[in-house]
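According to TrEMBL, the protein has these features:
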| type | residues | note |
| --- | --- | --- |
| DOMAIN | 1-215 | domain 'ABC transmembrane type-1' |
| TRANSMEM | 61-82 | transmembrane segment |
| TRANSMEM | 88-106 | transmembrane segment |
| TRANSMEM | 170-192 | transmembrane segment |
| TRANSMEM | 204-228 | transmembrane segment |
| DOMAIN | 271-492 | domain 'ABC transporter' |
| COMPBIAS | 500-525 | compositional bias 'Basic and acidic residues' |
| REGION | 500-526 | region 'Disordered' |
| TRANSMEM | 548-572 | transmembrane segment |
| DOMAIN | 552-886 | domain 'ABC transmembrane type-1' |
| TRANSMEM | 642-670 | transmembrane segment |
| TRANSMEM | 714-737 | transmembrane segment |
| TRANSMEM | 743-761 | transmembrane segment |
| TRANSMEM | 827-848 | transmembrane segment |
| DOMAIN | 924-1151 | domain 'ABC transporter' |
């Protein structure tokens, strides 16, 4: 007692340290993965390793010592058995040895299935992570059903292995439980067949010995072997991940980093590339024949079509992209602002500082040049506002500028900026270029990749890239003198390699508050249930099977098998009692006068001697088998054969019933787990977008990995133990009290004491377990966020800071886990103490009370052996019941997600269903239209009408409410007021009826892993010819050689332009009357922009088109322009009419584009208004010329 629990605690503590160490290694490895290695793993796999694989260290080291203890203990007890019952005892030992390889084989199958389950859980985790991140697009496309089908298919594949594992576990447990009677049955048979009477002293000695041997050799020993096997599977998976290729700059011999040259006046940074060649992988060249010499105070602008190599150049200069030929030398410290705005879940200031010390003057200057001052005034807590995971509290432009500010705040000699101007409007773009690129960064070497060609004349040096090569370079004037046409140079639709990581941002309109809240902002905490796990939770869990008959059968299975065990004990007691009475009768009839009483304990003597009441003894050999076989006048004795056959029947019944009970229970639990997961996922995809904005992906993934994993594997085992032991405890207590009714008092005291102890323990353990579950979520969220911003992290050399933060999250989780295992061991020790005291009371009671009343020796043996078993069973049962309640917190958490408040119904009510062919014209009418986030209105009282087939442009500065109108149109957030489409009030119809009839081309072109066919047509609605038709229309034939071509995680094997063209293809396929373009071309080059715009203008000429744009040239020829400011409609008319107001909002925006651009914009608006040119027609030379200016 005082050795076992400290040893177990030490093993669990060691296991915890191993888990923490492995998690730390895995995270640090994830920060060092090369680009090639990143393609071989996913965030979902990393989370699964940390959520499931490393947990094996916590649980699987517990039984390790029994691999050595078991055989030694078996040898010692085998000697005792031989000494007591002779060779007959070896029959039981032999049967135990026979069972060991069977249990070991089952353990090996555990290992095999554990590996399969881990792989399939990886796949589910990867898909779930992808779905959670892309949920906004999935809802806009009304694709919930196909994704639910895909997850269901993956889950079924996972469940096949889970069922095999459950079946094996059921076989293992049932074999262990039934072996308590099978092993002793073998000994009894052998003992009887060797002409020995079955007396109480022998029976209960055998029962007690094999109770211990069976527990160690049939349970702990093979469990240890299987556990070590599972541990090796997990370790191999961890090892495979750790052996992935590192991003090792020292091995990149063609790439060198040195310090900037220090002169008396200044520090001169330089970049020198000589015939450099770089590859993402062995097959695809990203850069080739690259030669350039850049140094000192220069603004270098890099332009080129999508996939021309702009991002690849910056990654090569950062050491992210391996340079495989020539030389590349970077002298100076580098800072990097990525094209994809990476925002982690802290406040705005933390995102900008990124681990650097706060210097007020430098910080304020960076905020000013990034045009963030006004935004800070509007945010509820200024720069202390919590932005949430992926910056959900910020709009797209705000995220882009915070991302740029982070790069500028770094102290560096070279600043690398990947298209930071595309996600902001023209006024902010000009402010950033003039105040930041030109003024703030004067004196530094800065490289700006951009599609904003209007700034090229102000560049010191220009690089024009095409297909990974430098097409031309020099000053703007030099290139113009050479006759370079920048637009024509950017007409190539090349691809930037299979592993190109180029992404864009999605503007999110958020509520604005002019007055900042004085309270300190806090991130939204994860909800935690309080109090005990109610019986209602258990009932909800059982009802998850969706079968009341199944619950009834479960009750019958447990009850019948337990009755069989009780019957076996009672029958054995009766048999031994009858044998002893027969022996006493035979002794009396042989002429020996006896004064034997039934409570004489002298039968518990030597194997070969029996004593009568007068201390006379006789040799057992003299009692041949025939002397104790009953005669005809022995009415109370049924006969040896009858006793044996009945006992055999009971043992067979036990074997069959325990098998049925275990298999049925585990399959029943798997069915519950399947149903709960399905309900969780359906509830998740039906949840409104606010849920995903409030809950980080790591928090959601925690429920779908760790909590579902607990329900799949851990809970059934603990629950089965708890129910089985509870029934066993009841039966044993009844047997003890029947044997000695005086024992009802200490037994009642024991039960009350144990349950009081359990309640005292469970209050702490349950809440600690809940805190432990919640403290895991930040770990997963941190891993997911780090993976998304890996290039930014490595460029800023912040791996150590992120690792420290990860260790902090781990320390918090480890502290709760350490508290939990400490409380568990404390509980175990006290249970042992109480059980041992009870055993002493039971034993002494028979000795003390034997002078008052008489007992049968069989009853004494039954009571003491039951009490001895009860001491172990009581404490194990209490611990397993506590563990069950702790694991039920996972059910509680899963059920919480199964009951999320859904958004509106997907399908319309019959009386509200829109007519067939709706919408036919595409007229949209807003009446007193409001939209609020967190009870703050962001769109305020809009009243306007879009006529059918009109082309509408929506403009306004960042945070004006542009994307909120689109969110309301799709009912991503339920608006107030009325919105009509072709006279149908959309507030009343089903979401799928609405969303499936509106096409959107989002700014963030989301692709899903799978095939191109699945990305275009997840419902399988279209024929191959139709799919090939749209692929050809959007010029993707070269990039898509087959419809079943693989799309990698996030579509990273396609360039950003190609991903945008896939979104265009989706819109063409849907053939809807309303098209929404949400900044769809903000992050593509003008050529791709022109192609997308022209395709929309020709393919959708008969449709209503709503365009949100920062580039005024994209909307200047629209039928009408809607100007928003702080959620209010400021202007709505034809652009020409709006430009007649010098102080108007649109006029102000046009002025900020520059004089030449303003003149061109006004002319196009006037021509469109007068009818000299068609509205929103295919771009002509005049618009293309304007693209050069804007």
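The backbone N, Cα and C atoms fix where each Cβ goes, glycine too.
What TrEMBL says about a protein is an automatic prediction, not a curated fact.
Panel annotation: around the transmembrane segment (61-82), residues 7-8, 11-12, 14-15, 18, 89-90, 92-93, 96-97, 187, 206, 209, 212-213, 216-217, 220-221, 223-225, 227-228, 231 of the same chain, lying at least six beyond its termini, place a Cβ under 8 Å from a Cβ of the stretch. With a threshold of 8 Å between CB atoms, the same-chain residues lying at least 6 positions outside the transmembrane segment (88-106) that come near it are 74, 77-78, 81-82, 168, 171-172, 175-176, 179, 182-184, 186-187, 189-191, 194, 196, 206, 210, 213-214, 217-218, 221-222, 225-226. Only sequence-distant pairs (6 or more apart) were considered; of these, fewer than three Cβ pairs between the transmembrane segment (714-737) and the transmembrane segment (204-228) are under 8 A, so the stretches are not in contact. Scored on C-beta pairs under 8 angstroms, the neighbour of the transmembrane segment (170-192) with the top count among 204-228, 548-572, 642-670, 743-761 is 642-670.
On the 0 to 100 pLDDT scale, the model's mean across the domain 'ABC transporter' (271-492) is 83.
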